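Below are the C-alpha cells for one structure; questions will follow.
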Amino acid sequence: MSKRVILFLLTNLAITFVLGIVLNIIFQVTGIKGTSTTGILMMSLLFGFTGSLISLFMSKSMALRSVGAEVIQQPRNQAEQWLFNTVQRQSQKAGIPMPDIAIYHSADVNAFATGATKNNSLVAVSTGLLDNMTEDEAEAVVAHEIAHIANGDMVTMTLLQGVLNTFVIFLSRMISTAVSGSRDENGNSTQNTLVFWVVDIALQMIFGILATMIAMWFSRYREYRADMGSAQLVGKEKMIAALERLRHVHEPQEMQGSLSAFMINGIRSKELFMSHPPLEKRIEALRNL
C-alpha cells in the first residue's frame, strides 16, 4: 500500500473513531437514546465530515513533517533548479497555480503531491528518485503528481471519505441501538449501555475496514487517471519508461505511521487494500491509449 493515501486514511479513521466515542459520551450525558433516525443521521454527517476535513487541511503540513522536507523557496543547486523549472512548466500547462516544491532525503524512488486545494498544494520528490531516474522519467513522475492536483483528487477523496465516515457512524449507531435495546416489566424502553458501547465500537471497526476497501478502489482508479494526465503533459512513452524503471528498483520501505497524498509508487499487498494498481496494469493501460 502506498505511503500517500495511508496517512490521510489513518488520520481520518483515528479522528472519526475518537469523534465517534465523543458522540457516544454526548448521547449518554444528555440522555439522548438515539431513537431519532434524523438526529443520528445529522450527527453522523457532522462527525463523519469533520474527520475527513481535518485530515485534508492537515495533509500538507503532516506530509512535510513526516519526510522531514522543507519547501524550496529559492533553488540552491542544479537539481532544485531543474525541479523548479519542471513543476513551473507543467503546472502552467495543466492550468493550475504553481505548487510548493520540496525534495526530501530518502533512498525510495518516489514522489507525492498533497494539499487542501489547487491553490495550496505541494509536490515533493525523493533524492532517490532524482538519483535513479533519467530526466525524462522524473519529468513523467512530476507530471503524474501535477495531474493529481489538476484533477482535484485530494478534495474528491475527502468528500468520498466524509460520506463513508457518515455511513460507518450511522449504521453502527443504528444497529447498536437496536441490539442493546429492550423493554422492562412495565413495557418501557431500556438500553444496555455496555452492550451498546461494545457493539457500536466493534461495528465502527468492521465498517471502517469495508470503507477503506472502497477508498482504496477509488484510489486505484485515480492512479489510472493521473497516469493518463501525465501522458497528456509529457507523452505516454515517458510515463511508461518511469513505471518500467520502478519495476527494476527496490520496493520502497514503509514510513513510520505512513504518509501523505499522492505517491507515484506503492507497496504491493492484497488487491482490495492496494492504493495503486499493479505496475503491469498501469503500463498496459498507457500502451492502450
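Each position is counted from 1, following the chain as shown.
A Cβ is built for glycine as well, from the same backbone N, Cα and C atoms used for every other residue.
Okay, these came from Swiss-Prot:
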ACT_SITE  GLU145  active site
BINDING   HIS144, HIS148, GLU223  Zn(2+) binding site
TRANSMEM  6-26  transmembrane segment
TRANSMEM  38-58  transmembrane segment
TRANSMEM  152-172  transmembrane segment
TRANSMEM  194-214  transmembrane segment
Give the number of CB atoms, excluding that of HIS144 (Zn(2+) binding site) itself, located within 10 Å of its CB.
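Here the count is 28.
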Which residues does GLU223 (Zn(2+) binding site) neighbour through Cβ under 8 Å, counting only same-chain ones at least six apart?
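Expected: SER275, HIS276, PRO277, ARG282.
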Within 10 angstroms of the C-beta of the residue listed as 'active site', what count of other C-beta atoms is obtained when all protein chains are considered?
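Taking every protein chain into account, the count is 29.
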